[in-house]
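Just below is one structure, and these are the notes that go with it.
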Amino acid sequence: MAPRTLLLVLSGALALTETWAGSHSLRYFSTAVSRPGRREPQYRYIAVEYVDDTQFLRFDSDAAIPRMEPRAPWVEQEGPQYWERTTGYAKANARTDRVALRKLLLRYNQSEAGSHTLQGMNGCDMGPDGRLLRGYHQHAYDGKDYISLNEDLRSWTAADTVARITQRFYEAEEYAEEFRTYLEGECLELLRRYLENGKETLQRADPPKAHVAHHPISDREATLRCWALGFYPAEITLTWQRDGEEQTQDTELVETRPAGDGTFQKWAAVVVPSGEEQRYTCHVQHEGLPQPLTLRWESSSQPTIPIVGIVAGLAVLAVVVTGAVVAAVMWRRKSSDRNRGSYSQPTM
């Protein structure tokens, strides 16, 4: 099965030379779905593109006028040629995925009576020096891993015997080398361009608004839930301590999730014995904070007491939810077949 296209070629991409604060990522997520129809299956293709944790493009083949649409103000400045190109690539990807779905139905000996999905994620991570940290080309079929490009950007991992058919095809076409060239060149150039055009949004750091909520479970136990709201970027660390000792195993931690307004939210909870709430503190780390926050639940009259950066020996917490992980949660990896940016991709 052929890899999917990735990200949209732009003419005149800027090769910026400045140093960037932290690492950044460019991701193209897509989902193709086949559904039973009266005479033949119906198909839908949706693609979204992200810089770090910000969606800026979207395409839906079921729209009244299928076209690539802006989802961030800073990309609206692009000219007609950009939109013509990106729409053209998305439509080509949709056609390619439709063919890929049909081939996979045959290879897996499946019926057209059911619904099937083909998902994918492609993109690159850039370090503070502007160089490639890692490239991605991953696919899944019906919610299960299918094939992915390894970290060496030279070899593939196939999930089963059907995926190995695709792997052999990729190897014969030297597709990994072709894609690696794209990642090391154009993908990074696109990312630099987007970061420059959208720097007021993409390179900002909004600190979290944090508080601790108290939820009695019984006369003997209560849940303390530490909330972090309204932060950007998505990377954040929430931990609970009891008398200064981290409660990693006893902490319920949800994945960072979008708030719907361009920021993110997250919570971490612990179950504590009633009457011992003051022994527990929540610790919040985020790049938008001048120093870590420490919060404690006191009483109904003063539910939350934030203490900013207080203990001299407080260890720096290193659990970071990266943009890539957030992205992985948001999509479930897909497989596909398509032409990439400035060149054509092999078919299945």
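Yeah, the Cβs are placed from backbone N, Cα and C, and that goes for glycine too.
The region 'Alpha-1' feature in Swiss-Prot is assigned to 22-113. Taken together, the residues in the region 'Alpha-1' (22-113) have a mean pLDDT of 93 on the 0 to 100 scale.
Marked as topological domain 'Extracellular' by Swiss-Prot on the basis of sequence analysis: 22-307.
Among the features that Swiss-Prot reports, N-linked glycosylation site is placed at Asn109, with the record citing sequence analysis. Sequence-distant neighbours of Asn109 (N-linked glycosylation site) (same chain, 6+ apart, CB under 8 A from its CB) do not exist here.
The feature region 'Alpha-2' is assigned by Swiss-Prot to 114-205.
Neighbours of Cys187 (disulfide bond), defined as other CB atoms within 10 A of its CB across all chains, total 27. In the three-state DSSP reading, Cys187 (disulfide bond) counts as helix. Here Swiss-Prot flags Cys124-Cys187 (among others) as disulfide bond, drawing on sequence analysis.
Per Swiss-Prot, region 'Alpha-3' is recorded for 206-297.
Note: the domain 'Ig-like C1-type' (208-296) comprises 3 helix, 52 strand, 34 coil (DSSP; helix = H, G, I, strand = E, B). Summarising the annotation, Swiss-Prot assigns domain 'Ig-like C1-type' to 208-296.
If you look up Swiss-Prot, you'll see Cys226-Cys282 (among others) marked as disulfide bond, on the strength of sequence analysis.
Under the heading region 'Connecting peptide', Swiss-Prot lists 298-307.
The transmembrane segment feature in Swiss-Prot is assigned to 308-331; the stated evidence is sequence analysis.
As annotated by Swiss-Prot, topological domain 'Cytoplasmic' applies to 332-348.
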Out of Cys124, Cys282, which of the disulfide-bonded residues is least crowded by other Cβ atoms within 10 Å?
Cys124
Only counting partners 6 or more residues apart, tell me which same-chain residues put their Cβ under 8 Å from the Cβ of Cys226 (disulfide bond).
Ala210, His211, Val212, Leu238, Trp240, Trp267, Ala268, Ala269, Cys282, Val284, Leu295
